[in-house]
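J.: TrEMBL feature annotations, pasted as is:
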type	residues	note
SITE	R15	site 'Transition state stabilizer'
SITE	K22	site 'Transition state stabilizer'
SITE	R150	site 'Positions MEP for the nucleophilic attack'
SITE	K206	site 'Positions MEP for the nucleophilic attack'
Amino acid sequence: MMYTVIIPAAGQGKRMGSDRNKVFLELDGRPVIYHTVSKFDEDASCQAIYLSARQDEVALLTELLKGFHKVKGLVIGGSERQYSIYNALKVIPPCEVVMVHDAARPFVSQETLTELYDAACAKNAVIAAVPVKDTIKVINNGVIDHTPDRNVLWQVQTPQAFKYELLLEAYQQAAESRFLGTDDASLVERLGVPVSVVVSDYDNIKLTTPEDLYFAEAIMKKRGI
Ligand SMILES: Nc1ccn([C@@H]2O[C@H](COP(=O)(O)OP(=O)(O)OP(=O)(O)O)[C@@H](O)[C@H]2O)c(=O)n1
Ligand SMILES: O=P(O)(O)OC[C@@H](O)[C@@H](O)[C@@H](O)CO
C-alpha cells in the first residue's frame, strides 16, 4: 500500500509581497516547489504526486518538474486553497491514503512523512502539528478576552493524511454547504470523525511572509544545504 499526495501550488503569495507566486522563489538555486516535490519523490511510500497550478503557470511548472517521474498530473487551481485541492481530489485515481501538502512547505522531514503515513494506515485521519511556544490570547476590540490553556494548543501544519474516501466525502460535504476551511482537517472534523496528530518539527515552516525566507536560509544552513 502506498499514498498519493496533492500539492496545492496555485496561490498568489500576496503576503510574501514578491512579484511572483512564492513557490517559484529560489532556495539554493532551485524553486521552492522543486524542493517540496523532491521530498515526496524521495519517499518510497509515495506512489503519485498531483499538483494544483495556476493556468498561466502550468507550462513553467511542467518544465520545472519534468525530471520527477512520480508527478502524474497538474490540475488548474481555484480562487481558494480548498478549491485548488478539491479540483485535484476529484481527478486522482482512488487510493487508500491521500496526503495534502502545501507547496510552500519545502522542509517537511522524511520522519514526519513516515509517521503520518503509518498513522493514516492505522487510523482515518492524521495531521502534522507542533505545540505552540507562545502564550496565546483571545482579543476582542484590542482588549484581552481570555487566555486559553496553552497545554491544549497546537500549531497545525501540513502534510495532512486521510483515507481517500473520507477526504473525498469531507470535500463534497464542504462544497455542498459552502463551508470554507483553512486546512483539510477542518473539513473532516465537521463530519464528526476524530483527527489524530503526529508531532512534527519547527523546521516545517510555511513560507508565508518575507521574514520566513530568512528562517528558510537558516534551516538550509543547519542542514548543510
Ligand atoms: N487559491 C489557492 C491558494 C493557495 N494555494 C496554495 O496553498 C498553499 C498554502 O497557501 P498560502 O500559504 O495561503 O499561499 P498563498 O495563497 O499563495 O498566499 P497568500 O494568502 O499570501 O496570497 C500554497 O502552496 C499555495 O500555493 C492554492 O493552491 N490555491
Ligand atoms: O491560512 P493560510 O492561508 O496561511 O494557510 C492555509 C493552509 O495552508 C494552512 O492552514 C495549513 O498549512 C495548516 O497550517
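Backbone N, Cα and C atoms are what each Cβ position is placed from, and that goes for glycine too.
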J.: Identify which of the following recorded sites, namely R15, K22, R150, K206, place a Cβ less than 6 Å away from any atom of ligand 2, and list them by sequence position.
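T.: Result: K206.
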J.: What does DSSP say about K206 (site 'Positions MEP for the nucleophilic attack'): helix, strand or coil?
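T.: For K206 (site 'Positions MEP for the nucleophilic attack') - judged by DSSP and reduced to three states - the answer is coil.
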J.: Taking Cα atoms as reference points, which of the recorded sites R15, K22, K206 is nearest to R150 (site 'Positions MEP for the nucleophilic attack')?
T.: K206
J.: Would you find the one among the recorded sites R15, K22, R150, K206 whose Cβ has the most company, meaning other Cβ atoms within 10 Å?
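T.: It comes out as K22.
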J.: Tell me, by DSSP, whether R150 (site 'Positions MEP for the nucleophilic attack') is helix, strand or coil?
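T.: SS state of R150 (site 'Positions MEP for the nucleophilic attack') = helix.
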